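Over in TrEMBL, the protein carries these features:
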DOMAIN    2-90  domain 'Dihydrodipicolinate reductase N-terminal'
BINDING   GLY60, THR61, THR62, ALA87, PRO88, ASN89, PHE90  NAD(+) binding site
DOMAIN    94-229  domain 'Dihydrodipicolinate reductase C-terminal'
ACT_SITE  HIS117  active site, proton donor/acceptor
BINDING   HIS118, GLY127, THR128  (S)-2,3,4,5-tetrahydrodipicolinate binding site
ACT_SITE  LYS121  active site, proton donor
Amino acid sequence: MEVCKAVHAAEDMELVAAVDKDDSLELLAPAEVVVDFTHPDVVMGNLEWCVSRGIHAVVGTTGFDPGRLERVREMVARHPGTNVLIAPNFGIAAVLMMHFAQQAAKYFESVEIVELHHPQKADAPSGTARRTAELIAEARRKAGVGPSPDATTQEIDGARGADVEGIRVHAVRISALIAHQEVILGGGGETLTIRHDTMNRASFVPGALLGVRRIRDVPGLTYGLEALLDL
Ligand SMILES: NC(=O)C1=CN([C@@H]2O[C@H](COP(=O)(O)OP(=O)(O)OC[C@H]3O[C@@H](n4cnc5c(N)ncnc54)[C@H](OP(=O)(O)O)[C@@H]3O)[C@@H](O)[C@H]2O)C=CC1
Ligand SMILES: O=C(O)C1=N[C@H](C(=O)O)C[C@H](O)C1
């Protein structure tokens, strides 16, 4: 809804249609770009619909694991000239938090992620936490840093969180929260906590509009808004 309002207000864009759950996707047929903030259960079908018609897609919906990303890569490969941006978080501060966590990752032996969201959220861990873990894991692999130390041998299922490429991710769901994340790093007698808080949903709008404006110039699948920023 926030994105629809912003597109409607933008002088360089035209809002072709706003499609809800029970509306026909055909309403989107005249669009050059579709923005998808829907649900992990339906986003793959929506993408197939857009890409097969040559409509670029800017996707905020989460729930993308490596298998889904590969399927989207295959989709766009079958339709050259049609591009997809999947951004787990369109907030500029959130993207910076992920970037800073990636930079810090190789300097500490321990790192874990705690994400906190509203209880209406369908997927756990959040797309942001999953992406942060992937970026951290990649940085640690490149630097030759091993797994975080952990002596746990007895555990109630889930107590140590989910394992995303060797990084522990803990998901908290609490009423009144919006979207929040802490990356906690430790080692050498110090800890560093990198925290991001979403204070309102308007924070996602500038990043989503940037995606709409740039999608034509980024061929194939782009994963993460950072690819469009000069970080
Ligand atoms: N990348 C980013 O920066 C952000 C990503 N997100 C992600 O976006 C997704 C949606 O989150 P959020 O906006 O909070 O959720 P909401 O429930 O507020 O909005 C989702 C909307 O999509 C509608 N919807 C559900 N299924 C379909 C469908 N098949 N076709 C069209 N519309 C549909 C819902 O309708 P109804 O209410 O009738 O079910 C609802 O209006 C989640 O995956 C979330 O994690 C959210 C915020 C930022
Ligand atoms: O569901 C949400 O609200 C959000 N989802 C995204 C995610 O899964 O990371 C982005 C932000 O956290 C809000």
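Positions of Cβ are set from backbone N, Cα and C atoms, glycine also.
Whatever TrEMBL says is automated annotation, not expert-curated.
Checking the binding-site residues THR62, ALA87, PHE90 for a CB within less than 6 Å of any atom of ligand 2 leaves THR62, listed in sequence order. Counting other CB atoms no more than 10 Å from each candidate's CB, the binding-site residues THR61, THR62, ASN89, THR128 peak at ASN89. For the recorded NAD(+) site, residues GLY60, THR61, THR62, ALA87, PRO88, ASN89, PHE90 set the reference point as the centre of their Cβ atoms, and the other residues of that chain within 8 Å of it by Cβ are PHE37, VAL59, ILE86, GLY127, THR128, PHE204. Shown are the recorded positions HIS117, HIS118, LYS121; the one with the most C-beta atoms within 10 angstroms of its own C-beta is HIS117. Restricting the average to the domain 'Dihydrodipicolinate reductase C-terminal' (94-229) gives a pLDDT of 98. Apart from HIS118, GLY127, THR128, the residues listed for (S)-2,3,4,5-tetrahydrodipicolinate, the same chain places the Cβ atoms of THR62, PRO88, ASN89, GLU115, HIS117, LYS121, ASP123, SER126, ALA129, ALA179 within 8 Å of the centroid of those Cβ atoms.
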